[in-house]
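Participant: Take a look at what TrEMBL says about it:
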type	residues	note
DOMAIN	13-78	domain 'NLE'
REPEAT	166-197	repeat 'WD'
REPEAT	215-256	repeat 'WD'
REGION	253-277	region 'Disordered'
REPEAT	377-413	repeat 'WD'
Amino acid sequence: MDEPMNDAPGAQVKVTFTTNEADLQLPEEKRQLLVPADIRRYGLSRILNSDLMLDSGSIPFDFLVNGSFLRSSLEDYLNSEGLSLETNLTLQYVRSLIPPVFEASFEHDDWVSSVDALTATSPAGRWSGENFSRGQERILSASYDGLLRIWNTSGEVLVTAPSASHGGHSASIKAAKFISSTQIASTGMDRSVRVWKYTDPGASGQAELKPTLELYGHRASVDSLEVHGPSKRILTASADGSVALWSASKSSSPEADASLLPNAHTSKRRKVASSVTTPQRGPLFLMQIHNAPATAAVFDPRDHTVGYSVSQDHTVKTLDLTTGSVVANLTLSHSLLSLCAIPRSNGAPLLAVGTSARHITLVDPRASAATTSVMTLRGHTNKVVALAANPENEYSLVSGSHDGTCRIWDLRSVRPASGGESEGGVGGNVSEPVYVFERESRQGKKKSVAGEGAKVFGVVWDRELGILSGGEDKKVQVNRGRDVVRE
C-alpha cells in the first residue's frame, strides 16, 4: 500500500509499520505507505488509528526508529541521521508512554532507606493467596531512625515498629520487605536480620507489629534484603563482604554463633536493654565470598535455590543456595551498588546492576553468554543505589540515585555505543531514560547535580500502587506506575 494518506502537497517518505504486539498487527498489505515528510508522532498515531488501518479508535502510539523513540518529524530525523527522503523507514509502534506523575508523599522523622508494597499483585500479596484482602493495600517503610512504619494508601501510619528497648532494631534500618500479608523481614546497621509478625484487623482494631525472630551471623551492617515467601527464605548482603541465606521460621533456623549475639561483648560496648525476649538464631548458609562490601543479593525469579550477588569488589556472582557455593563469577569495571533481576520469558533473567560510575549495566548471568555486558543505561549524575523491575513487562525498570532522581528505562529504546560509553568501553548498546522524575520536596528549589538533600535510597515498582521511593528528604514518594511503559 504505497498511496499517501492525505492529499497535502510536499515531500513524502515511505515507511514500514511493524509491532511486537499481537493484538495490534496490521495486515501485510497495509504495512507500507507514503506519509508526509513533516509528520510527527501524533500524525502517525492518527494514521494508525484510522478506519483504513487498525480502526482502533484513539490509542496513542509512540514510534521507535532504529531503537530510539521518534521525537521530531520524519524529515528532521532523516536530516539528523544524514539520510535522504528516499530512505524507507521502519517504524515500530508501541502504546504511548504515560508520565510517572507525582501522586503523594508521606513524611518521616529521618531518612527513608527502603520501601515495599503489599497489594494483591505484589509478590507478598500473591504468596499470601486468600489471606490477603482487597482494601488492605499497605506501604512499608524503613528509616534511619531505626523504625519500621506501615501506612495505608491515604498516608496514615497504621503501626510503628517498637524501639530497641522493646525488641526493635538498635541502629538504622537499611532494608525491609513483606514476606507475606502477616510477616515482615528487616535488616540494619546493628548487624541483625529481624522477622516480625504483622497483624492488621482493618477498621475493626489497631494494627500490631511484634518481633518474632532475631537472626545473627553478619559482622557488619546488613545493607540488602530479599525474600521468598513460599519457602520463607531470606537472602542478605552485608558490608562484611558476606551473603547469607536465612529461614524466617524459628524451628528451621540453626543456633547462632554466640560470639555474634548482642550480649557477647557487653564490656566493650553499651548494651541496649530490651524488655522483650525474642528467639535468636543463625543463618542456613553464610558465604564469605566478596573481597569488599556486598551491596545487594537477589533470588532468581524462576528458582529460589539460585541467587545473585554484587559487591564493591566489581563482581557479580551466581550462587547455588542449596549448597551455599558460588557457581559463576563476572567481573565488571566499577564498584557495584545495587541489583535487580528482570524476568525473561526465554530463560535466565537479565541482571541490572547499578554502579558507582553513575550508570546501570545489564548483564546476562549465564556462563554460556557470549558477552558479559548486554547494555549500558546512561543518564544519572551520581551513583545508582536502587533498582526495581516493571511488574507488567520484561523490558523496563526504574532506578534510584544519589542524584535525587528516579529514572524510567525502556530496554527497547537502544542505540549502538560510541567510544567509552558501554561497560568495558568496547561495543554493546546504550539506552537513555524515557522519563526522569525528581523528589517533589525539591520542587522550586535550586537543583544540585550531586543530589544533596534529595538522595534516593530505595525504590519499588508495584502494579497497583505505582512507583514508591524513599530518600534523604525523609519522605516516601508515590508516582504513577501503571502504563508508564506499556507492552
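All residue numbers here begin at 1 and follow the chain in the order shown.
Glycine is treated like the rest: Cβ placed from N, Cα and C.
A description of the local structural setting of each listed feature is requested, covering burial, neighbours and distances.
Facilitator: Residue counts for the repeat 'WD' (166-197) by DSSP state, with H, G and I taken as helix and E and B as strand, are 1 helix, 20 strand, 11 coil.
Across the repeat 'WD' (215-256), DSSP assigns 3 helix, 21 strand, 18 coil.
Per-class residue totals from DSSP over the repeat 'WD' (377-413), listed helix then strand then coil: 0 helix, 19 strand, 18 coil.
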Participant: What average pLDDT does the predicted model assign to the repeat 'WD' (166-197)?
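Facilitator: Overall, the repeat 'WD' (166-197) comes to a mean pLDDT of 97.
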Participant: Which numbers of helix, strand and coil residues does DSSP report for the domain 'NLE' (13-78)?
Facilitator: 20 helix, 18 strand, 28 coil
